[in-house]
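Listed in TrEMBL:
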type     : residues                                      : note
BINDING  : Asp59, His169, Thr171, Glu330                 : Mg(2+) binding site
BINDING  : Asp59, Asp335, His339, Asp376, His377, His452 : Zn(2+) binding site
ACT_SITE : Ser108                                        : active site, phosphoserine intermediate
Amino acid sequence: MKALFILLLAQLCSASLVPEREKDPEYWRRQAQETLRNALRLQRLNQNVAKNLILFLGDGMGVSTVTAARILKGQLHGQGEESLLEMDKFPFVALAKTYNTNAQVPDSAGTATAYLCGVKANEGTLGVSAGVTRDRCNTTKGQEVTSILRWAKEAGKAVGIVTTTRVTHATPSAAYAHSANRDWYSDGEMPPDALEGGCKDIARQLVENIPDIEVILGGGRKYMYPRNVSDVEYPHEEKQRGTRLDGRNLVQAWREAKPRGKVAEYVWHRRGLLALNLTRVDFLLGLFEPGDMMYELDRNNDTDPSLSEMVSVAIRMLQKNPRGFFLLVEGGRIDHGHHEGKAKQALHEAVELDRAIGLATRLTSTQDTLSVVTADHSHVFTFGGYTPRGNPIFGLAPMQSDVDRKPFTSILYGNGPGYKIVAGERENVSAVDFAHADYQAQSAVPLRQETHGGEDVAVFARGPMAHLLHGVHEQNYIPHAMAYAACIGSNRGHCNAAAHPATPLLLPFLGLLLLLLC
């Protein structure tokens, strides 16, 4: 009876939350008609050649995360469910199937190989075909596959990588590395047989495989320095020290690999990044933490740049190339927040990624820039509980369980570290600070780390040839569609016609002119 009363009270409260304009049926009809007009305008397809390509990757940003981030963004700005993310404004939306060749529920390495290299791969492997077995160095040779970043570089474009994880993490490293194990960040993490077999660690490949990447921004300093070398920012913390066994300073090696006369700048501090005169910089490496960068909610605004700030610098750097650019932008710590069961951290990371998307939109043109937003995989993250309109996204459901008679938060996980039993029963969340940034939402199954989800992820697209992303696709289709739009890579038979779209119309007139001249 009490639960029914609470539900009725919630329904009464939610009725008062309905904006007056939404009570008028004409409001919804006008909105639908405007949406219809916008949809009809999309029939005039943008078939320009894409000068610039930007791929935004929200690591772990499944559809439930997108929806919850939209509500959070709205609530941060005095709105709510009706608000729009920047990615919501992209006119074309598709779904991508994320499974790895050997996994129904994928990991970030096999998926990164798909959406960057155009080839599906085994779980845990990077930039190689499914002929490579994880951890088996001797299966790698001859199985390497190249990425859209390399295709863009070979076409003369500038290229860049921006991430909130370490720059050697799964997502960014698939753009430049080939590895039988995603965790081989430096040679200090590699087993002896892999080193003896001639396999290279990922940090070394970052410096050597494509030495002319114009922009690299993120975390991961410790993998670039010899073991036990103190970190510049945390000199007294042992876990932040260098990890390399070969004694190499890869930051110095990165500098030395640049052509004579070119300016290569390395920065590790936000002030250093924002103070750069980009007109005088040819190559930029920024490593702002020993490992992954801090969560946005925990970020030190004095020392660490935001994702938006890094994207702004990257685009302004890359725009100097008259042939255009390819930029990979990863909101990588959405995934980490979910793994830790910390939904508040994950959703604020997603909102910051969306802020970066909006900034990039303002710095570029949809006439020559194809922007794609997607995720590598989902998570077992959900929110529900019949919450009323305007309910705080991190708040309680308006009802108690009709089984254990305890309240529950709207946000829950299918599994993860939030599983807690107190005195033989589910923890009473009203006794804890469930709105705290590090609160671990309750889960159904106890695990130290919450797992990925296996459902399809959304793909949002805007700009030249964005309509090629239109239905349900295999995830490895994404870089092929982007390369087609930019006339890079192997599939370029259409490019002359694309560059001169009026030519077919002129052919009959040219033929008649030739007859008259003869």
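Glycine too: its Cβ is placed from the backbone N, Cα and C atoms.
Annotated features taken from TrEMBL, shown on the structure.
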{"residue": "Asp59", "record": "Mg(2+) binding site", "CB count, 10 Å": "30"}
{"residue": "Ser108", "record": "active site, phosphoserine intermediate", "CB count, 10 Å": "27"}
{"residue": "His169", "record": "Mg(2+) binding site", "CB count, 10 Å": "29"}
{"residue": "Thr171", "record": "Mg(2+) binding site", "CB count, 10 Å": "30"}
{"residue": "Glu330", "record": "Mg(2+) binding site", "CB count, 10 Å": "29"}
{"residue": "Asp335", "record": "Zn(2+) binding site", "CB count, 10 Å": "28"}
{"residue": "His339", "record": "Zn(2+) binding site", "CB count, 10 Å": "21"}
{"residue": "Asp376", "record": "Zn(2+) binding site", "CB count, 10 Å": "31"}
{"residue": "His377", "record": "Zn(2+) binding site", "CB count, 10 Å": "28"}
{"residue": "His452", "record": "Zn(2+) binding site", "CB count, 10 Å": "22"}
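Nearest Cα neighbour of His377 (Zn(2+) binding site) among the listed binding-site residues (Asp59, His169, Thr171, Glu330): Asp59. One way to see the shell of the Zn(2+) site is to take the Cβ centroid of Asp59, Asp335, His339, Asp376, His377, His452; the remaining same-chain residues with a Cβ within 8 Å of it are Gly60, Asp107, Ser108, Ile334, His338, Ala375, Ser378, His379. The separation of Asp59 (Mg(2+) binding site) from His339 (Zn(2+) binding site), Cα to Cα, is 11 Å.
Note on proximity: among Ser108, Asp335, Asp376, His452, the recorded positions of the record, the Cα nearest His169 (Mg(2+) binding site) is that of Ser108. Cα-Cα distance from His452 (Zn(2+) binding site) to Asp59 (Mg(2+) binding site): 10 Å (rounded to the nearest whole number).
Listed in sequence order, the recorded positions from Ser108, Asp335, Asp376 having a Cα within 10 Å of the Cα of Thr171 (Mg(2+) binding site) are Ser108, Asp376. Glu330 (Mg(2+) binding site) and the residue listed as 'active site, phosphoserine intermediate' are 12 Å apart (CA-CA, integer value).
Cα separation, Asp59 (Mg(2+) binding site) to Asp335 (Zn(2+) binding site), rounded: 5 Å.
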